[in-house]
Amino acid sequence: MAKLYFYYASMNAGKSTTLLQADFNYRERGMATMLWTAALDDRADQPIASRIGLGADARRFSPGTDLWREVMMQHDETPLACVLIDEAQFLTAMQAWQCARLADEANIPVLCYGLRTDFRGDLFPGSAVLLGIADTLVELKAVCHCGRKATMNLRTDQAGQPVGEGAQTEIGGNERYVALCRQHFAEALGLYR
Ligand SMILES: Nc1ncnc2c1ncn2[C@@H]1O[C@H](COP(=O)(O)OP(=O)(O)O)[C@@H](O)[C@H]1O
Ligand SMILES: Cc1cn([C@H]2C[C@H](O)[C@@H](COP(=O)(O)O)O2)c(=O)[nH]c1=O
Ligand SMILES: [Zn+2]
């Protein structure tokens, strides 16, 4: 019985790096994998790019992508040992359930990697469902400037000032976001005043 995994963390915790390591591990044993990432994040040359310099090609999902259908088409051609999905916070609720169906009905392990919460501390839709239904939840860890675990993502403006309002989706990297522990996140947004 295959499992649905959700590896969740703040930004800069090594999610993409861990995904690429898992993929390498399967492929070096001659097993086929299928990689996915969000279509809206096209910052890097390669679809999946880690800050440590590793990268890989991947299919891109958008809200209309039928992951069940796309993966099953590929699986019929070449049996897949697993499916790896980066930026899983951007999955729709329906797509998160399609991932569960792949594990349950097609017996394909699905490994999802994504943010737990957005710049306000609210769950992303895809993450909310994955946190609710995944068989295995694994927290990856980044470090706050104080040394504690960084669980939150502070959005900053061009002057480096904290941003507390805006659209949930705003693509960017270290220049737009900083991973902080909850206390430093809350203090930066004035939530404890
Ligand atoms: N040159 C480097 N050597 C070693 N580790 C690095 C290097 N550059 C970045 N990192 C580490 O890589 C991690 C970020 O990896 P990445 O997979 O891009 O994270 P995420 O996908 O969670 O945002 C951080 O822990 C960072 O410290
Ligand atoms: C917190 C937060 C993040 N995003 C975006 C910013 C990046 O493009 C991705 C996360 O990338 P990573 O691989 O985890 O480094 O998500 C966003 O759109 N909204 C947010 O609140
Ligand atoms: Zn801190």
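Cβ atoms are placed via backbone N, Cα and C, with glycine included.
According to TrEMBL, the protein carries these features:
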type	residues	note
ACT_SITE	Glu87	active site, proton acceptor
BINDING	Ala9, Ser10, Met11, Asn12, Ala13, Gly14, Lys15, Ser16, Asp86, Glu87, Ala88, Gln89	ATP binding site
BINDING	Cys144, Cys146, Cys181, His184	Zn(2+) binding site
BINDING	Tyr177	substrate binding site
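Location within the structure of each feature annotated in TrEMBL.
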residue: Ala9; record: ATP binding site; CB count, 10 Å: 23
residue: Met11; record: ATP binding site; CB count, 10 Å: 20
residue: Ala13; record: ATP binding site; CB count, 10 Å: 22
residue: Lys15; record: ATP binding site; CB count, 10 Å: 25
residue: Asp86; record: ATP binding site; CB count, 10 Å: 28
residue: Ala88; record: ATP binding site; CB count, 10 Å: 31
residue: Cys144; record: Zn(2+) binding site; CB count, 10 Å: 19
residue: Cys146; record: Zn(2+) binding site; CB count, 10 Å: 10
residue: Tyr177; record: substrate binding site; CB count, 10 Å: 20
residue: Cys181; record: Zn(2+) binding site; CB count, 10 Å: 20
Nearest to Met11 (ATP binding site) in three-dimensional space, by Cα, is which of the recorded positions Glu87, Cys144, Tyr177, Cys181, His184? Tyr177
Sequence order is fine: just name those binding-site residues in Lys15, Cys146, Cys181 with a Cα within 10 angstroms of the residue listed as 'active site, proton acceptor'. Lys15
Counting Cβ neighbours within 10 Å across all chains shown, tell me which of the recorded positions Glu87, His184 comes out on top. Glu87
What Cα-Cα separation, expressed in whole Å, is found between Ala88 (ATP binding site) and the residue listed as 'substrate binding site'? 18
Quick one: which of the binding-site residues (Ala9, Met11, Ala88, Cys181, His184) have their CB closer than 6 Å to ligand 2? Met11
Out of the binding-site residues Cys144, Cys146, Tyr177, Cys181, His184, give me the one sitting nearest to Asp86 (ATP binding site) by CA distance. Tyr177
Of the binding-site residues Ala13, Cys146, Cys181, His184, which ones put their CB under 6 Å from ligand 3? Cys146, Cys181, His184
